[in-house]
Every structure is written in C-alpha cells, then in structure tokens.
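The structure under discussion appears below in the form of structure tokens.
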Amino acid sequence: MEKAGGSPSVGGSYPQKNAEILSSQYGINLFLAGLLLTFAWAVHAVGISKSHLLSYLITLMLIQLLWMLWYLCRSCTQRRLIRDKDTHAGARWLKCGITLFAVITLILDSFKIGYYIDFSNCLSPTEGIFPITHAVHTILQVYFLWCHAKDIIQSFKTLERFGVIHSVFTNLLLWTNGVLTESKHQLNEHKERLITLGFGNITIVLDDHAPQCNCTTTTFCSIFSQGIYYLYPFNIEYHILASTMLYVLWKNIGRKVEQHQQHKTPFKFHGITVGMIFGLIVLTSTIAVVVVYLIQIGGSKIKSELALTMFYLHAIFVLALMCTAGIVALLIYRLEDRSLDNSKNPARKLDAELLVGTAAGSWLLSWGSILAIICAQAHPKYTWYNLPYSVLVIIEKYIQNLFIIESIHREQEKVNDDIKTLRIVTISRGNTLSLTPSYKEIYNGRAARDSGEVPCLLKGSVCGRENGGGDAAKEETSQENSSVMHSASDLSIYSSNSGTNNKRRILKNIAAFLFLCNLSLWIPPAFGCRPEYDNGLEEIVFGFEPWIIVVNLAMPFSIFYRMHSAASLFEVNCKT
C-alpha cells in the first residue's frame, strides 16, 4: 500500500528533477561561454574585442527582459489566485538594499552614456547601447524582485526554471564584467604605486583600454572616466545580490511549504545603543583611514610605508574587537538551551553556504601573505604588521561564521503570554491591594495554588465578585489571595526571564556592532585601499603576475563576504 501511495509522487517529481538538472546545466554553459569571452577580451585575444563581449551581454539581458515581461503579464492575469509565498525569501531590508545599489547603478549607466557621447568618434555603437539596455534591465529587475521574490512557482515550472536560471547567470556575468573592469583600473594604479615603494625589479606595463581618440569636452570626460570607477563597487554588489535572490526563487519552484507563516521581526534601535556607538566609532575611523591611505599611498616611499602601517594597525585593532565580540556571543549561546530550526529553507541554506564560500577568498589571500612573510629574504618594517593582520582575518571570519550560522538556525524565542499581560490591580471595597507581596503572602498564594484553587483573572475587571449571599470576609480573603497569587506569578516570571533578557540585549548589541564593523571593512577594498596589492612583498615571493591573478580572483569574494555578512547580521539583530 505504501509503494502504491508513494509511486505517483515519485513519478510526478521525476520530470521536474530533470528540468532542474537541465536548467542548471544550461545556466552553467551560458556562464562559461561568457566567462571565456570576458577572459579573451581581458588578455587581448586575437579577433575578440569589447564589442563582442558587450553584444553577448546585451543579448542575455534582452532575453531576460522578455522572460520577466512574460512573467509579469501572466501574474497580472492571475492576480485573484492565492499563491504560496516563501516568507524567508526577499526580506524588506534586502529589497531596500538592492534598490539603493540599483539607483547608484543607474547613475553609473548615465556616466557611461555620457562617456560614450564624448568619445563617440572612436567607440563601438555597442558601448552606447549597453548602458541603455542595462538601465532598462536594472529598473525592470528591481521591480520584479520587489513584487515576486517570495513567489513559489507552481505553474509552467519547466519554462520558469529556464527563465530564472538564465536571469541568475546573466547577473553573474554582469558581476564578472564589473569586477574585471574595476580590477583592471585598480591594477594600473597599483603598478604605479610599486615604483614609489622601490620595487623596480617588477616589470610594469600598463594595461590600458582607453579610446584612441580625443574627447570632445575634456572636463566632462575627466568627470565621467573617474566617476565610473568609484561607482563600480555598488554595481558589483547590486548584481551579486540580484543573482542570490533569483537563485532562491529558482530553488523554490515547485516547492511545498508549511502553512504556518513567519511572524515579522522589525528592526529596532532600542537596546542596542552601546553596540551602535562602538560600531559608528569604527565606521568613522575606517573612513578617515581610507581617505588618508588613498592620499598618502604612492606619494613617496616614506608616505606609502606610513599609510600601510596605519592601515594594518587600525585593521588589527578592529579585528581583535570583532573576535572578542564573537567569542562572547558564542559563549552566551553555549549557556542557553535552545533547539535549532532544521526545517527546509533555501534562503537560509544559501546564506550559510555563501558565508563559508566567500570567506575562502580572503583566507586564500591571508595564507598567501603569511607564506610570503615566512619565505621572504628581506622584510621592510611595515610588512611585519601584515602577519598579525592576516592571522586575525582568518580567525575573525571563522568565529563570525559560527556566530551567524548558529544565529540564523536558532529557533526564535516564543514570548510567554504572561509576560505581555499587564498586572491586574484588584480593588476590594475601594482599597487597592499592594502589588509587592511579602514572603508570607507569596507562601499563602502558592499554597492556595497547590490546593487547586484557581483565581479568576480577567483583564480590567474585578475578581471574586459576590455570588449572592456570600460571606464578605470570605470574599475579601478570596480577592486578596487572587491578587497575591497574580503578584507572585509576576515575580517568578520576571525573575526567570531577567537573565534571558540581559543575554538577548548583549547579543543584539554584539550583532549591531559586528554589522557596522563589516560595513566598515567593506569600504577599504571596495574603494581601492588594498594592501595586498600595495605592500609588494607577495609579488617578490610569488611573482608579479601569479600573485595579481590570485588577488583578482579572491578579492571580489572577500568584498562580497563583508556585505553579505552585514546583511546576515542585520537579520540576526532583528531575530534576536
């Protein structure tokens, strides 16, 4: 009987499993083809130009636009149907974050359009079509994610799988293109700084894709060309966030969810003042360090060494604070006895995998720096600060990952109704009974409870009303016992929950502090403050080109890790 009952479900899910496998393979091949095209353009392969790469990306965006329009039109015709939603996916704060990055991305597209107009004489038409298509793609995609990120698709599942996975890998290719373009700009600046630090034995050849013609308006050209690279970090974060939200949508296709809904947990500033103050101090000091670093680095050898020393000392101090905060949070979790939520949740699973996967990027850079310090024959003074910095980067991410993953898997604490119920002031013959019971009263209250006498407790009403002919003294005693029992119950509830509330307050402050610290540590590499490029020691040990390849591959993951950790810690703060 069980086989007969189970076989239809297995048979029904088999085609859908095939559709999932086929769509994933389609997406991977789409991505690999674009990746090789991007690589060919980067290394100046014969017969491959930037227009070929942009034509490929424009085609992918147009296909995604057609699919999104199809999905939106179909959703409009089925508005009256009740659809399943994944309450864990597409949180409001995540949508707000991606909207902010999308707005800055639109500014970037407008700069690219202006740049194309100024150099239109020697640029391919695709360089003008690309930012326009990308702007339309960005607007429609953000609207799509706001309206349908929580959807659990149950119709046209095979077609929708291909449409969603196409969107995922289109965003990943746009992310790759942004990372490569920004990295090439950073690499040119890095090569110039190495001359200042005295590494003359490194061959320096600037890799420039600048137009081979004069600009029509020099002032605007300078603004557009410089502004583009300061906006790229936001564009990069936008596409990686969009791809993760779309991936969760893809995983939810055909999924059956439990009927109970997750209750909303809004962010509140109450109770996290200490964490916010310390976090803002770290954020402010980090911005100051980045500004000084970018001004001083490359100015002279002494200024560059002082800039690197300042960066390392500041980062060591911040990372040590973060390690301490993470250890305290984990110790609090060890003292609590709360079960973990192991229910199926694609969004939560993806969060945990991204934390560990992207942390590997900075771990790779840290181990490379440690090995370079050990193996190098000459050690400038500032390079010794790189050793504790690299060790702390490894330890801090390890501790923080443990804290975040355990936090998002812990079951949310259920608030006892007795805690939310206000104390009842029982009035007897115009006299208000004391709300602070003596030891004798508490004892008598417990004795009455143990004997099975349960008082009448009604909000806003008087307990122990006359029942017709009852003795007044007996009634008064009954009312007093009712009040005392309620007061004793309140006392026990508050005493048992005071410790829990203190722990929760500490955890919320730690989450708020780590949230701001991760935002702070996202700023330096995102805006060009990258000591892995500038200290020069790793290039001497590993060779210039091999180390630059490692940095260019690992740095995007390291940058994304900080932003993703900040987003996860924001969720932890809301949930705690």
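The backbone N, Cα and C atoms fix where each Cβ goes, and this holds for glycine too.
These come from TrEMBL:
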TRANSMEM  26-47  transmembrane segment
TRANSMEM  53-72  transmembrane segment
TRANSMEM  93-117  transmembrane segment
TRANSMEM  129-146  transmembrane segment
TRANSMEM  158-176  transmembrane segment
TRANSMEM  229-250  transmembrane segment
TRANSMEM  271-295  transmembrane segment
TRANSMEM  311-333  transmembrane segment
TRANSMEM  354-379  transmembrane segment
TRANSMEM  385-404  transmembrane segment
TRANSMEM  510-528  transmembrane segment
TRANSMEM  540-561  transmembrane segment
Are there three or more C-beta pairs under 8 angstroms joining the transmembrane segment (510-528) and the transmembrane segment (271-295), sequence spacing 6 or more?
-> yes
With the transmembrane segment (129-146) as the reference, find which of 53-72, 158-176, 229-250, 385-404, 540-561 contributes the most Cβ pairs under 8 Å.
-> 53-72
Contact set of the transmembrane segment (53-72) with the rest of its chain, CB cutoff 8 A exclusive, min separation 6+ beyond the ends, reads 30, 33-34, 37-38, 41, 124, 126-127, 129-130, 133-134, 136-137, 140-141, 144, 147-148, 160, 163, 166-167, 170, 173-174, 177
Among 26-47, 158-176, 229-250, 311-333, 354-379, stretch most in contact with the transmembrane segment (510-528) (C-beta, under 8 angstroms) | 311-333
